[in-house]
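Below is one structure, written out as structure tokens; the observations come after it.
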Amino acid sequence: MFITFEGIEGSGKSTALQGLAAWLQQRGHGVAVTREPGGSRLGRTLRSILLDLGNTDITPEAELFLYLADRAQHVAQVVRPALDEGMVVLSDRYADSTVVYQGYGRGLDPMMLRQFNDVAVGGLWPDLTILLDLEPEAGLNRALARNIREGMHAAEGRFEAESLAFHTRVREGYLTWAALHGGRYRVVDATQSPEDVVRDVVGIVAAALGDVSSGEAVSGRTGA
């Protein structure tokens, strides 16, 4: 099973993903945890370019193709091999991030981006996508505090430096895209405590796996 986590900056994707990974491992599932950009050796180099605060002059088109290169390598070297081994793959961001950030955020055509991504991933789309949703102001405050705390403000702060208007477009784009692809999307309220977010995510995945023994309520919602 291939599960991706999406959301604006500071939405808590990494925390929710790690909580889900622990739950899956406790139930005997093999789990591969990965991320974009940076899930492969080449991807780590591309991540340093894409997220560096000093690279504010990257054009939307150049940004797009750097992300596509990262993704193609990631799928070939990490995602497909793990799925072939029967593992549950959890990815912090995937192709939907490009559709939303470069499409709704930067103004490129989302449907064109979907087609480009189809080529990059060889048609491999997630079985389930969890969108962690909250207001952009709250997410940015979280993300900026995290980057400063971890000493990553310059190395990984390029998107946090974007305007509030940009992040508002991204958030609205995510909700629009989730509604268009409601069959695989579940939206979780990311304003809750981390523990409550993990509980909701576990409930969603337990239902998808048919794990009725988890005792967790499913409280995500499907896009229309």
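Positions of Cβ are set from backbone N, Cα and C atoms, glycine also.
Feature annotations, courtesy of Swiss-Prot:
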BINDING   G7, I8, E9, G10, S11, G12, K13, S14  ATP binding site
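Of the chain residues outside the ATP site list G7, I8, E9, G10, S11, G12, K13, S14, L132, L134, G139, R142, A143, A190 have their Cβ within 8 Å of the site's Cβ mean position. Least crowded of the binding-site residues (S11, S14), judged by neighbouring Cβ atoms within 10 Å of its own Cβ: S14.
Around I8 (ATP binding site), a 10 Å sphere centred on its CB holds 28 further CB atoms from the protein chains shown. Sequence-distant neighbours of G12 (ATP binding site) (same chain, six or more apart, CB under 8 Å from its CB) are L132, R142, A190, P194, V197, listed in sequence order.
Counting Cβ atoms from all protein chains shown, G7 (ATP binding site) has 25 others lying within 10 Å of its own Cβ. Following the DSSP three-state reduction, the secondary structure of K13 (ATP binding site) is helix. Look at I8 (ATP binding site): DSSP puts it in coil.
Here G10 (ATP binding site) comes close to L134, A138, G139, L140, N141, R142, A143, L144, R146: these same-chain residues lie at least six apart in sequence, with C-beta atoms under 8 angstroms from its C-beta.
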